[in-house]
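K.L.:
My structure is below; once you've seen it, I'll send some questions.
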């Protein structure tokens, strides 16, 4: 049996780039909660002792941007300079303007147009991916890397590993074989964790705690063997972290946000963007399409692409590839997809209820992945049953 290695990485919520994603989406949530028609393009950057929010926002909402920044940083765990940022005393800079009237007139008309008439907020192409290798219909390498990051945060916040600090990165290499186009995991080849820690803990304590409290609860035993390699804080020291260690910027972790390097990516980031931005809404609808294809048994693995022109409601193209795992030809799967999914941006917002704010809805997406999550707010993860002729197949 010929196998290959594939690696996916993740970062947890204290990573500077992810801090910025969370601030941007917290701003989006606040705007949508008061005004579902808010037009939001919110970027965030951070460095030592400073967080800045900037961009274009047109909303009727009354939003305290500085308070959102401080609350978000505090909830992550940035409560002192020692851990990388002091949420209550850092500098907060705000430079928010209204959306360009050129873009607004060419795209939205959202107060007068019907949802099906609303044009795309920009050009671009987005990809959705699904695979039957995990219950989430997501790649195993990505799922494990993401869950390790989430577990790091959990044991930090609940006090199990009190020496942990907010910043951290994970990476998992999985050995696969290709089963006629379907990806079949064989074993976990390598686990890498680099996590920020306090001054008191030893490297041996770090390694022991990570194996016991992070790796063991996350990675199923069947994937681990005596040959599995563990790199646990291999640099030897990671005390300085968060924005004090590295600058951060919204939209710098787009592969972590999606499929861990599997499938494809059109390049557009998600966080801080309202649903008229097809970078986000387009990626959500093609994930639902790909997931529904696999869940309905049409294919074991597939990718769906959609593309748009600014101001035009109808997509320019829709593409499906089942990697040879389809039970029926890809052209037939594409026909089913077009019959069951409405790719017009206004209708995506309606069908996935994307204008609904509150409950930290989009903030939740900004760490630990936008896909493969069991949460009623992740409406794009709801499988749409697809009818097809199994006898003919």
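From the backbone N, Cα and C atoms, a Cβ is placed for every residue, glycine too.
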K.L.:
Please identify which of 56, 199, 332 is recorded by Swiss-Prot as part of the L-methionine site containing 99, 246, 277.
P.N.:
56
K.L.:
When you put residue 56 (L-methionine binding site) at the centre and draw a 10 Å sphere around its Cα, which of the binding-site residues 43, 235, 246 have their Cα inside it?
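P.N.:
The binding-site residues close to residue 56 (L-methionine binding site) (Cα within 10 Å), listed in sequence order, are 43.
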K.L.:
Any same-chain residues 6+ apart from residue 237 (ATP binding site) with CB under 8 Å of its CB? Would you list them in sequence order, or say none?
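P.N.:
None - residue 237 (ATP binding site) has no non-local Cβ neighbours under 8 Å at 6 or more residues apart.
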K.L.:
Suppose we draw a 10 Å sphere around the Cβ of residue 253 (ATP binding site). How many other Cβ atoms does it contain, all chains included?
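P.N.:
Its Cβ has 24 other Cβ atoms within 10 Å.
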K.L.:
Roughly how many angstrom lie between the C-alpha atoms of residue 168 (ATP binding site) and residue 277 (L-methionine binding site)?
P.N.:
30
